[in-house]
Amino acid sequence: MNMQKLRIELGEETNDELYDLLLLADPSKDIVDEYLERGECYTAWAGDELAGVYVLLKTRPQTVEIVNIAVKESLQKKGFGKQLVLDAIEKAKKLGADTIEIGTGNSSIHQLSLYQKCGFRIQAIDHDFFLRHYDEDIFENGIQCRDMVRLYLDL
């Protein structure tokens, strides 16, 4: 099967379609707005269709974090998520980072698999992160999302 290659570019503006994607990965608009102000938002296009998004944020000297990454639901399971992760890794290298980090929920089974397949390793678990930072309970894959699983990749 020939996988379509995404066109990934620095996002110029934030609109409802982009917010819908960002909110797939993070249900808090306030938190999304906060890291959009501080990070760089990259949009991914399959032809003329917005297919995905990720946000890179410099968190410490020599370290960047993918603070949000999402693929449009109708386009998931087509390898686009992997393209986004690999693009973020390349961008981090070009920024001179030594480490790239990402965090996801304990219930995000597919994401945990993807990140490890891309070379990330589990670094830590922030217990009850989602209970402390989100007003609404989050459920995914029939599991309550409670803990943040932190992963890293040395570049």
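For all residues, glycine too, the Cβ spot is worked out from N, Cα and C.
The domain 'N-acetyltransferase' annotation in Swiss-Prot covers 6-155.
Annotation for Ile69 (CoA binding site): spatial neighbours Ala25, Gly52, Val53, Tyr54, Val55, Gly81, Leu84, Val85, Ala88, Ile102, criterion Cβ-Cβ under 8 Å with sequence separation of six or more. Mapped onto three states, the DSSP output places Ile69 (CoA binding site) in strand. Here Swiss-Prot flags 69-71, 77-82, 111-117 as CoA binding site.
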Val71, Leu112, Leu114 as binding-site residues, winner by CB count within 10 A: Val71
Listed binding-site residues (Lys78, Phe80, Lys82, Gln116), ranked by Cβ neighbours within 10 Å, top entry: Phe80
